[in-house]
Amino acid sequence: MSPAEAKNQIKALTTELKQHNYNYYVLAMPTIADFDFDKKLEQLNKLEKEFPEFADPDSPTQKVGGDITKEFVTYRHRWPMLSLGNTYNEQELLDFDQRIRKAIGDNFEYVCELKFDGLSMSLTYEDGKLVRAVTRGDGVQGDEVTANIRTINTIPKRLYEGGDYPNYFDIRGEVFMHRKAFDRLNNERLENGEVAYANPRNFASGTVKMQDSAEVAKRPLDCFLYFLYTEKPVFKTHWESLQAVKSWGFHTNEHSRLCNNIDEVFEFIAKWDKDRFGLSYDIDGIVIKVNNYSQQQELGFTAKSPRWAIAYKFKAERVQTELLSVSYQVGRTGAVTPVANLKPVLLAGTTVKRATLHNANEIIRLDLHEGDTVFVEKGGEIIPKIISVNPDKRAQNAVPVVYRTTCPACDTPLERKEGEAAFYCPNDEGCPPQIVGKMQHFIGRKAMDIDGLGDETIETLYSRGFISHISDIYKLYEHADELKQMDRFGDKSITNMLDGIEKSKQMPFEKVLFGLGIRYIGETVAKKLAIHFKSIDGLMAATQEELVTADEIGERIAQSLVDYFADEKHREEIEKLKALGLQFVVEIKEVKLASEKLSGQSFIISGVFEKFSRDELKDLIEQNGGKILSSISAKLSYLVAGDNMGPAKLEKAQKLNIPIISDEELLAMIEI
Ligand code: AMP
Ligand code: ZN
C-alpha cells in the first residue's frame, strides 16, 4: 500500500470507529456488530503500526484521556452467564407462575430482587481472594477486567481469613453508578468540553471497559451481588446464599424480599414501580427467582435462560406530544446543541416542555420533520428523551428539520471537527453566548468563586458594554461611579462585588488555570498541570512531548493546550491578567512539611493512590529531602506502592528485598 493510500484509510477508519464508539457508549445505539467493530479496529491498529506517522493521536486504538478500547483478554466462564426471560405484563407473569406450579407443585417460595440497570459481572474468588472479574460478553466468554473491578470499593479484594466461604466460588452481580455520581461526572465532562454519556448504565459500562485503571478509580462505581456459584452445593436456597455472601463481606441489596406466592410478588412490583425514582440508582424492573436450589434444578434451563427466574420490566413512561420548534444553544466552548421545544405534556409527574436532541446525528436518526408528533420517555434519567416519531401523524407536506448551518447567536457559519458529532461556532471572540459563558465559567464556584458577582450580573455587564474579556472584570472598579448610577445595582452590592473581585486575585494558580476555560482542562487536570509545571510560563514553554510526561496528561489534553497558547489573543489576555495581579505561579508554601527527614533515602512511586496523585507524593518526598529514582535497582530505599501496580515492578522489588510501603507509611515517615 502506498503511503497516500494508508493515510486515507487510517483517516477513514479513525473517523468511522470514533463514530461507532460514540454511538455505542454515548447514544447507546450501536449500528455495527461487535465483531465487525473489532475487525476494523484491528485493521486500523495494523495500519498505524506500519505507518505511525499518520496515526491520529486521539485514535480509537489509543486510550487517550480515558476513552474506550477493546483490548482485553477474553475469558471463558466456568458457568455460562445466561440472560433472563423478560416480561412487561402481569398476565405473562401469571403464566410463568402457572408453569412452575405445573412442574413442581405449590410448595415453593420466590425471591424478589430489584433489577439493577448496569452491567453484569462475574467474580471469581480463590482462597478468599478476588482473582478474576469477567464481563458477560456473549454469555460463554467475556472480557477480563479484573484490574478495573479492583478499584470498586464495595467489592472485597480479600475476604477475612477463616470465614466459612468455599475455597473456590464465582459470584455474580451488577456493576452500576449511582445517579448522583453520574450527574456530577457527566457535568464535569460537559464543562470540559467532552461528550456526555446518555445514562448511568452507559457510563458504568464505558468505565469498566477502559484500559487505564487509574482513570477507572476516579469514577465511583458500585456493585450489588445476586448469584453464588459453587462446585458443590453449600446452601439449600438462594435466600440463604444471599445472607451468607453478605456475611462474607459482599454488598447485597437490602430491598430483596422472600415471597410466599405470586400475589406477594405483585405487591413488591407495585411498590417499586412507584418508589423506584426515590432510589439513588436506576432499576429497570424486578427479578423473580424460585428460592430453593433443588427446585431450580428440577425446572432447569431453556437454551437462553433459566426456567426458574424471570425479569419483570417496568414500562418507561411514554407519552406523545407535538414538536413545536427546534432551538439551538451555544455553550462557552462554542458547541451548538439542538433542543426540541414541545407542546407541554405531563410525564412521570412533571410537565415536560423541552427535550435534548444531543446533536445533528440525532435529528437524522429520528428523521425529524417540522410539526411531528413524537414519543417522549423518561426512565430513571432526569432529562426526557425523544424516542421516536409517530409517522402516522406526520402531515403529508411536512419538511424535514435541517440542522442550522450558521450560529444562532452571531450568524457565523458552523464548523464540525472530524470525528466529532457536535457543530461549533468558531467565532469565539465575537459570539455573545461564548463570551458570556467564558466569563461565567471564570467566576464560577469551582474556578475563581467571586463573591458578589453572579451569572446574571455578568450578562448585564456584558450587554451594557462594560466587560467582554475576563481581564475587563478586574477593571470594573474604574467604572464604579457609572455602575452605581445603574438602576439595577445598589451602592452596597457594587462595593461587595468590587471587593469580591479584588479578593479573587489571591486565588491559587490552579483555579486561574481552570477558570481560563481551556478545552479538556477540568478542575483535576488544572491541578495536576499546576503541580507539575509550577507556573503559566512553565506550562506555556512546554512542548507537546513535555506536556504528556505530566501525571495523567494525554495527547488530547496536550494538543488542546498547545493550540490554546498558540493563539496570540490568549497570550495577550494572560499578560493582562498577570499585570493585574492574578496568580500565575504556584505559591511555594513554606509549609512545615518541609524537612530533611528523608534525606539520603530514595523512592519510586508506583500505582494509583486514593488520596494523592503521584506528583503530589513526589513533591512531598522531595520537599522532605528524599530523592526520586526512575528505575528499581538495589540502591533504591523504598518502593511506595498504590493499587494496580504493575506485577513486574513488584516482583523486581521483592527480588531485591526492597521494602514496599504504602502512602500512609510514607506519611508516617514524615509525620504529618
Ligand atoms: P436482560 O439483560 O434484560 O436480559 O436481563 C438480564 C440481566 O439483568 C442479567 O444479565 C443481569 O445483568 C441483570 N440483573 C439486574 N439485576 C439482577 C438481579 N437482581 N438478578 C439477576 N440479574 C439481574
Ligand atoms: Zn456564534
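Numbers here mean position along the shown chain, with the first residue as 1.
Each residue, glycine too, has its Cβ placed from N, Cα and C.
The NAD(+) binding site annotation in TrEMBL covers D34, F35, D36, F37, D38, S83, L84, E113, R136, E174, K289, K313. Residues or ranges marked as active site, N6-AMP-lysine intermediate in TrEMBL: K115. Annotation comment: TrEMBL describes C407, C410, C425, C431 as Zn(2+) binding site. The annotation domain 'BRCT' is assigned in TrEMBL to 593-672.
Feature map: annotations from TrEMBL on the structure.
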residue : record                                  : Cβ contacts under 8 Å, 6 or more apart
D36     : NAD(+) binding site                     : none
L84     : NAD(+) binding site                     : V287, S305, P306, A309, I310, A311
K115    : active site, N6-AMP-lysine intermediate : I283, D284, G285, I286, V287, A311, Y312, K313
R136    : NAD(+) binding site                     : M81, L119, S120, M121, S122, G142
K289    : NAD(+) binding site                     : Y110, V111, E113, H238, Q296, W308, A309
C407    : Zn(2+) binding site                     : V330, V336, P413, L414, C425, N427, C431
C410    : Zn(2+) binding site                     : C425, N427, G430, C431, P432
Could you tally the C-beta atoms, other than its own, that fall within 10 angstroms of the C-beta of C425 (Zn(2+) binding site)?
26
So which of D38, L84, K115, C425, C431, listed as recorded positions, have a Cβ under 6 Å from an atom of ligand 1?
L84, K115
For the recorded positions K115, C407, C431, which residues place their CB under 6 A from an atom of ligand 2?
C407, C431
Counting across all protein chains, other CB atoms within 10 angstroms of the CB of C431 (Zn(2+) binding site) number 21
If you draw a 10 Å sphere on the Cβ of D38 (NAD(+) binding site), how many other Cβ atoms land inside?
13
To test your reading of the Zn(2+) site: which residues beyond C407, C410, C425, C431, same chain only, put their Cβ within 8 Å of the Cβ centroid of those residues?
V330, G334, T406, P408, A409, D411, T412, P426, N427, G430, P432, P433, Q434
